[in-house]
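This report concerns only the one structure given below.
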Amino acid sequence: MDLLPDIWRQEYWLPPGVTWRDVEQLAESDRPRPHDLLVALPLALGFVALRYVFERFFAPPMGRCLGVKKRLQVTAAPSPKLEVFYSQRSRQPTQSDIVSLMSLCGKTQRQIERWFRLRRNQDRPCQTKKFGEAAWRFFFYLTAFMSGLACLVVRPWFWDLRECWRRYPFQPMERAHYWYYMLELGFYGSLLLRISVDIKRKDFKEQVIHHLATIFLLSFSYCANYIRIGTLVMLLHDSSDILLESAKMFNYGTGWRKTCDTLFVVFAVAFLVTRLVIFPSKIIHTTLVLSMEAFEPFFGYYFFNVLLMVLQVLHIFWAGLILRMVYKFLKGKLEKDERSDEESEIEEDDKGGEENMDQDEDYCLEKSKNTLNSQLSMLTNNCVLNNLTNHRASVADRMRKAQ
């Protein structure tokens with residue numbers, strides 16, 4: 001019962017020598033209050049509903065304009081026993097599993113391998129789903145970035161980072177910054193709510209860590225009145241995310257390869273500059289060093305910087321993926337996002353197997369077709385010879401009778 005009051009001890013949230021009573025000197029509408037964060041919960045649900053409407057009614061016509069095509073799927077034949085194995089044990093059966101399934105289902109090895117190949121393809125997200133997800137994020141990041149830039153570019157701390165800590169923590173909160181925080185919190189909350197149904201990519205775990213770290217970072221910085229530096233962090237992240245999602249949108253379309261490549265190059269440069277240069281040299285340096293000009297270290301100082309370090313580690317991880325993509329791009333071998341869903345890799349293997357199988361089937365089909373044609377040709381020749389023989393015989397009979 002005493003744990004909750006201990007969480008709000010002023011030593012955790014405020015610099016040494018400052019109490020909650022001191023902070024209450026600000027007007028109630030000018031200071032952040034912890035229960036304000038509850039607004040983010042209905043906002044997250046609202047974003048989920050809004051995203052459903054967007055992906056249902058707005059994304060499809062946009063996708064058609066960019067030439068996004070829905071992949072035709074060949075569904076696997078119903079097989080309850082194979083379906084149980086697929087859903088409960090493994091999507092990739094081993095050779096021993098295939099042997100046991102052959103005796104269990106009465107199918108050949110080739111039939112079982114083909115069934116699993118088709119079944120995996122059924123679970124792959126289609127291009128229209130990928131496009132809808134990218135388009136939704138693009139429009140949010142674009143709106144958030146433009147709104148954030150409009151309300152920050154006229155503020156002194158946008159140009160002079162020392163202003164982030166001037167008179168801290170007695171800094172009045174502006175209403176625009178309040179809604180900037182709540183909308184970003186609601187958006188990342190909606191991503192967590194939808195994470196089980198969204199497309200799972202290679203960096204799924206890193207994405208979960210990123211969303212959780214972002215939510216903790218925003219929540220803590222709001223309660224501790226780190227709002228000035230928090231708005232700069234959000235603005236910096238949204239700037240490169242716009243380019244990423246727009247590049248993905250054009251990548252899912254057809255006939256936009258040059259546009260996609262250009263956007264990818266711009267995104268790679270923007271990401272590396274903002275996340276590996278500006279973020280550590282400006283943001284983290286500000287929170288670690290410049291903040292010490294205004295107050296002495298306390299728990300909130302360490303906790304906030306640890307969360308920023310977690311984000312920086314994730315930035316380095318994603319920078320590695322991006323550099324791999326850049327390397328492949330320069331070699332002319334870039335065909336997909338390094339973060340693309342894992343099943344797409346399986347599909348590449350399956351595609352090769354499918355092509356080999358199709359080639360075998362085509363060869364067998366062509367061979368039987370040639371055999372059939374030769375048999376028909378022989379049959380036709382025999383019929384023609386028989387007709388000629390019968391005709392000659394009838395002519396000879398008529399000539400004998402005439403004589």
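Using the three backbone atoms N, Cα and C, a Cβ is placed for every residue, glycine included.
Automated prediction, rather than curation, is the source of TrEMBL annotations.
Per TrEMBL, the features are:
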{"type": "DNA_BIND", "residues": "71-127", "note": "DNA-binding region"}
{"type": "DOMAIN", "residues": "69-126", "note": "domain 'Homeobox'"}
{"type": "DOMAIN", "residues": "129-331", "note": "domain 'TLC'"}
{"type": "REGION", "residues": "340-360", "note": "region 'Disordered'"}
{"type": "TRANSMEM", "residues": "37-54", "note": "transmembrane segment"}
{"type": "TRANSMEM", "residues": "138-158", "note": "transmembrane segment"}
{"type": "TRANSMEM", "residues": "178-197", "note": "transmembrane segment"}
{"type": "TRANSMEM", "residues": "262-279", "note": "transmembrane segment"}
{"type": "TRANSMEM", "residues": "299-323", "note": "transmembrane segment"}
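Mean pLDDT for the DNA-binding region (71-127) in the predicted structure: 86. Residues 54, 164, 174, 176-177, 180, 183-184, 187, 228-229, 231-232, 234-235, 238-239, 241-242, 245-246, 249 of the same chain sit 6 or more residues outside the transmembrane segment (138-158) yet have a Cβ under 8 Å from a Cβ within it.
A Cβ distance under 8 Å defines the sequence-distant neighbours of the transmembrane segment (178-197), meaning residues of its chain 6+ beyond its ends; these are 32, 36-37, 39-48, 51, 140, 144, 147-148, 151, 207-208, 211-212, 214-215, 218-219, 222, 227, 230-231, 234. Secondary structure of the domain 'Homeobox' (69-126), assigned with DSSP and counted as helix (H, G, I), strand (E, B) and coil, comes to 35 helix, 0 strand, 23 coil.
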